[in-house]
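Copied over from TrEMBL:
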- 20-41: transmembrane segment (TRANSMEM)
- 53-76: transmembrane segment (TRANSMEM)
- 97-118: transmembrane segment (TRANSMEM)
- 148-172: transmembrane segment (TRANSMEM)
- 184-208: transmembrane segment (TRANSMEM)
- 236-254: transmembrane segment (TRANSMEM)
Amino acid sequence: MLEKIQKALTIRSGTIRELLAEALGMFILMVFGLSSVAQVVLGRGDFGQHLSINLGFGIGVTLGIHAAGGISGAHLNAAITLTHCILGNLPWRKLPAYLIGQFLGSFTAPATVFGLYYDALYDYTKGNFTVTGPTATASIFSTYPAPYVSLLGGFFTEFTATVMLMLGILIIHDEKNNGALKGTQALLTGILVLGIGLGMGMNTGYAINPSRDLPPRVFTAIAGWGMDVFTAGHCWWWVPLTAPILGSLAGVLIHKLFIDFHNQPVPESGNEKGQPAVETS
């Protein structure tokens, strides 16, 4: 009976499998990340601090990559997916499936966290869900610039943070250079995101990912926060969509100009000591 059920549910289409993998990986990433934000905000600092949020997203990234990496490559980021398409590493025909999967996972995650912390949300806000003000809670789900940050300053922050994200990912996976050992890439990528949060999270909350920011923003608009989620911060919503894409492309360009173009691939026969080359994914 179980074999029949498995055969009936097994999906043969590689594109659909990639869509589902991106959806699950993104869901895991976002549930860990958003729930950590919710706990810090709604707990009024008694259940974690800024470090808790950084750790939550880092852990979420690591587990999300483990969930989807073997099937879709675990992009979990629309900017990274678009960059791979531009570079020719991913067929353009697969772009919609990757984006739909990422957006599906990133939309259901805030809905899950909303249900998980609904009572706490209601107690914290007295039922008045706001984007700004002393009891603002929209920032639990999407990013917003700090009051002192200009639109240009916020754009540059997101651009720079995504440059560092892409550089870090390329370095971790660079088999021609000192790439990470097989099996450690997910952990190191989680640590990379943790580092970005620790060093570049104050101004804008380090979205660094259109798939991380837009779907939760749409959810909050539907769930009671209204269209203020799109007008707050001088219509901030478009910055986490565009800056990460440009930052991702800039990160690739920097890596190629400084490292990749000048580096010869390691011979497949082995290393200098005559031992088999370490295989990395």
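Backbone N, Cα and C atoms are what each Cβ position is placed from, and that goes for glycine too.
Whatever TrEMBL says is automated annotation, not expert-curated.
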- Message: Under 8 Å for C-beta pairs, could you tell me which stretch among 20-41, 53-76, 97-118, 184-208, 236-254 has the largest tally with the transmembrane segment (148-172)?
- Response: 236-254
- Item | Same-chain residue ranges lying at least 6 outside the transmembrane segment (53-76) that approach it to Cβ under 8 Å | 17-19, 21-22, 24-33, 35-37, 40, 84, 98, 101-102, 185-187, 189-191, 193-194, 197-198, 201, 209, 211, 281
